[in-house]
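Structure first, commentary second.
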Amino acid sequence: MSKLISVWLKIWIPILFAMGIGILLYLITNWTTLDAGSRFVAIIYVMLPLHCLEEWRFPGGFHYNYNMLRRSRKPDRYPMNQFSDMLTIMLAELIGIVCLFYGVNQIIVIWNLIFCFFEMIGHLIFGFSMYRRFRTVGKRTIYNPGFATAVVFTLHALYYVLNQYPTNLPGLSIIILAIISGTVLVSSVVLIPEQLFKSKETPYPFDSNRYYEKYIARKNN
């Protein structure tokens, strides 16, 4: 099983991109018939593979700021490792596909608004945390892997809110239900895989701190 998972971890990002491209094609071919909420949700799941790529590869190293914020002594593998983070991202993309397949309603829209704003809040926290840690060795900004696409998520969400909610604001009961269920859902997608698969002896550590390597090297000198 370990070998199969290791192979999967080498190919899952291209598969994630194929899923994103599939959603993009669905969005393009059905643009004129989709309502604003469905368009909003579809665009998020077209963007999610790009967000993943920024966090994992270009520049990569998101796991380092995440694990360090959790006060890990093994930030290459604990509590987040390659396998647990892959599950989180794939689950999120699959949930998006299911929502689009069965139909987007107001609650699903609010779920995705929560996701967008959570991403921005999280990356701001990571950004200031890493700035404080490395400012003495040359870090000049709060940028962290995933920050740029998190900004795009947030702008996308703000555009939707400003254009739709002045006239189409859902009822208070729907908003409350959506916020509670959406917060639980987003938290579960992140925390359940982590809790199930976190291990200081995991065979699936990250192989490099990527964006942070130069700052770590300077700090250790």
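A Cβ is built for glycine as well, from the same backbone N, Cα and C atoms used for every other residue.
Those TrEMBL annotations? Automatic predictions, nothing curated.
Annotated features, as they stand in TrEMBL:
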type	residues	note
TRANSMEM	7-28	transmembrane segment
TRANSMEM	40-62	transmembrane segment
TRANSMEM	83-104	transmembrane segment
TRANSMEM	110-130	transmembrane segment
TRANSMEM	142-162	transmembrane segment
TRANSMEM	174-192	transmembrane segment
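Residues 36, 40, 43-44, 47, 50-51, 54-56, 59-62, 65, 109, 112-113, 115-117, 119-120, 122-124, 126-128, 130-131, 210-211 of the same chain sit 6 or more residues outside the transmembrane segment (142-162) yet have a Cβ under 8 Å from a Cβ within it. Using a Cβ-Cβ cut-off under 8 Å and counting only residues 6 or more beyond its ends in the same chain, the transmembrane segment (40-62) has close neighbours at 13, 16-17, 19-20, 23-24, 26-27, 34, 89, 92-93, 96-97, 99-100, 104, 108-109, 112, 115-116, 119, 126, 144-150, 152-153, 156-157, 160, 208-213. Most Cβ pairs under 8 Å with the transmembrane segment (174-192) belong to 110-130, among the candidate stretches 7-28, 83-104, 110-130.
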